[in-house]
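According to TrEMBL, the protein has these features:
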type	residues	note
ACT_SITE	34	active site, proton acceptor
ACT_SITE	173	active site, proton donor
BINDING	7, 65, 141, 142, 143, 144, 173, 174, 175, 195, 196	substrate binding site
BINDING	32, 34, 65, 173	divalent metal cation binding site
Ligand code: DX5
Ligand code: ZN
């Protein structure tokens, strides 16, 4: 059993409020917000101001994915505007242990994301402290890319690794659709991020279809 966290990167920005209400009506519990800085990834998206507006508008859990260099400089700001979960990239943190502590000290849940080429073993000494491990199943930067099949092995590896020892949840992000989502949940994924598959076409129908597969 897993949950769906729609990524607003693929939403209709001029009708974001309407799109979010549809997600609520479809029973969604968590919203994924992709912050891109044009350095860590070759694209620019939103900043804390958007998170603040979304926070005021909805009670959905806000899952903020920081695809940026020096994420430590923005943890306070994203916590101040109401992020529930903050995920930083392993590849972007010289002092990952410190950044995780900072997030948790602010009362948010801490996630660490792994690019497709980064192995779970890089997290060995922080796994006790993280709430989420986010497996990127595309190279981060854009919505609508093709799912990298090999990432199923990474999800399964993280599932094996946690056994009874760790409490982290496994989140997967990128290229997920009706067809590949089942194998991800079977491999151990708990949180499924989807942009294109949710926002292209009928939002409520799409959420229900994916929801039925992952429940
Ligand atoms: C990729 C982002 C994803 C993206 C997923 O860089 O982190 O969250 O929005 O979008 P789809 O589902 O279209 O691949
Ligand atoms: Zn993301």
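Any Cβ shown, glycine's included, is placed from N, Cα and C.
TrEMBL annotations: computationally assigned, not manually curated.
Structure coloured by features recorded in TrEMBL.
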residue	record	CB count, 10 Å
7	substrate binding site	23
32	divalent metal cation binding site	26
34	active site, proton acceptor	24
65	divalent metal cation binding site	28
141	substrate binding site	17
143	substrate binding site	20
173	active site, proton donor	25
175	substrate binding site	21
196	substrate binding site	18
Filtered by Cβ distance under 6 Å to ligand 2, the recorded positions 34, 65, 141, 143, 173, 175 reduce to 34, 65, 173
If you measure C-alpha to C-alpha, which of 7, 141, 175 (binding-site residues) come within 10 angstroms of residue 32 (divalent metal cation binding site)? 7
What binding-site residues in the list 7, 175, 196 lie within 10 angstroms of the residue listed as 'active site, proton acceptor', counting C-alpha atoms? 7
Could you state the whole-number distance in Å separating the C-alpha atoms of residue 175 (substrate binding site) and residue 65 (divalent metal cation binding site)? 16
Taking the Cα atoms as reference points, how far is residue 7 (substrate binding site) from residue 173 (active site, proton donor) in Å? 9
Identify all same-chain residues not among 32, 34, 65, 173 whose C-beta atom falls within 8 angstroms of the centroid of the divalent metal cation site's C-beta atoms; report them in sequence order. 5, 7, 9, 33, 63, 67, 87, 134, 193
